[in-house]
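**Q** Can you read through this structure? Questions will come right after.
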């Protein structure tokens, strides 16, 4: 298939307007099905978000469809759409729109993401690249201070117009619905509109996120009005509405997404980026950006061939560049294919997982970027021959000194442990969210979306109710690869490298087995990889695989370790016997997943504790 680009046309606007009127548009293969569903479900959809969200439970097993997100309101929105005849894509869009209300510091229409879809009718896995893109005027010097010639401090770059990329989230929703949905965008936005009107209940995770960013939020009146009521973080248990976002969603529902990309909202986004609305008396130097209405009007969602590797007889599909998730998870799995992790004790298996991750990260940092701008040797990075050459560097008994050098993916794998010169860069960090859905027909979605840091740029478009991303800080500010070219420097219309790793696993017959993903910046790769190893190699069921303590080794001197490992016997073994250096971190990732248990039975799984715990639900619960 290669790469297919999708522009918004008048048909997209027409689709939104007709959906409000109860008329659906869809690709020919689904048109009749969608029109029937639109008619049959019209009355029940009128109730919107009237039902209470399900209890926040981390695991649900049953039939008919499943949703797993970080938030009970978002899970309820997705489940509501499934109950009324929607597909996994309809549910994913409804849940994502609700997350824009209740999880606004990790997701929203001011950001972007990566969408992986399994089509039960065709057996095909497809991906949509909805990553934010740099303005047409961006250069490699974007984050270099002209006064000093040095890179800007990250905090200064983040809280600025310079960090804001062209959002891709809405365009992704529209494209996914056009290809695989039964309902229009307007109908799928209804639960989120009512959630924004009525408000959601603030929990401790939300309150602590506001508190951590309060100084930034206070400098932008539109952000402070939303998230600092009374001048401080909202109290746990209070109800927080977002009427501006409800109105924005309504306008999009009535007029289609071109109101966002080419209409008045586009004008307001560009004006906000070019002249960030800072409060009077603020001392923060908020640099203006250069995003224009032309950048918004020209944005394209790109369909790309998924990455795929075979692991233990399973087909593991992921997101290709500019995400490094699929290539890095895939390469690490190929390396681990050389070792029988299931025959090892826990410490041995985790040692191999960490070393494989470090090797794959070295190659990620050297070779992966936007494939429309640089030449990414993706086929070689995912080849078993290259992985076998890298695996010969993995000492089963000792951690290699970090950082390890990247490999040479040149197609010549003679058995020598070839490496390239120069060390690799340390990975990025960020905040995202992930959701997983499946429907009664067997379609599956793994969707990771983001506005980058917790709270993005901190800048809210006045009167619109959504934060703008700081995604362009995912670019490297200055070259990181020594004498080798850096694949991830800023450039015009370029998409920054990501670590998002929405993943779908098919069994030996080509049927879906697992779908999984996580937020967490670069740690996403480790979370997804460790979850797969836990489930496939170490005999854990999916709830155990998600809940297990995590480690993350991004080819750095220190390995991040959650308290259950860092403070326990396992950590002692990893340090004293294998030579790893562990650094404590409160938590890594916040995954969700769905497993197909056979005979149409599904298990939806979310985190039991991390980020306050997630929410999993199925249409017809049954053990």
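Cβ atoms are placed via backbone N, Cα and C, with glycine included.
Those TrEMBL annotations? Automatic predictions, nothing curated.
What TrEMBL records for 1-31 is signal peptide. The annotation region 'Disordered' is assigned in TrEMBL to 32-64, 477-497. Summarising the annotation, TrEMBL assigns L-glutamate binding site to 131, 474, 498, 499, 521. For 432, the entry in TrEMBL reads active site, nucleophile.
Mind running through what each feature is packed against?
**A** Reduced to three states, the DSSP call for residue 499 (L-glutamate binding site) is coil.
For residue 432 (active site, nucleophile), the number of other Cβ atoms no farther than 10 Å from its own Cβ, over all displayed protein chains, is 29.
With a threshold of 8 Å between CB atoms, the same-chain residues lying at least 6 positions outside the region 'Disordered' (477-497) that come near it are 129, 131-144, 151-152, 157, 165, 295, 298, 321-324, 365-370, 372-374, 376, 420-425, 471.
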**Q** Taking the Cβ of residue 474 (L-glutamate binding site) as the centre, how many other Cβ atoms fall within a 10 Å radius?
**A** 27
**Q** Do you know offhand how many angstrom separate residue 432 (active site, nucleophile) and residue 499 (L-glutamate binding site) by C-alpha?
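**A** Taking the Cα atoms only, residue 432 (active site, nucleophile) lies 10 Å from residue 499 (L-glutamate binding site).
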**Q** Determine the minimum-neighbour residue: among 131, 498, 499, 521, listed as binding-site residues, which Cβ has the fewest other Cβ atoms within 10 angstroms?
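**A** Counting other Cβ atoms within 10 Å of each of the binding-site residues 131, 498, 499, 521, the minimum falls on 521.
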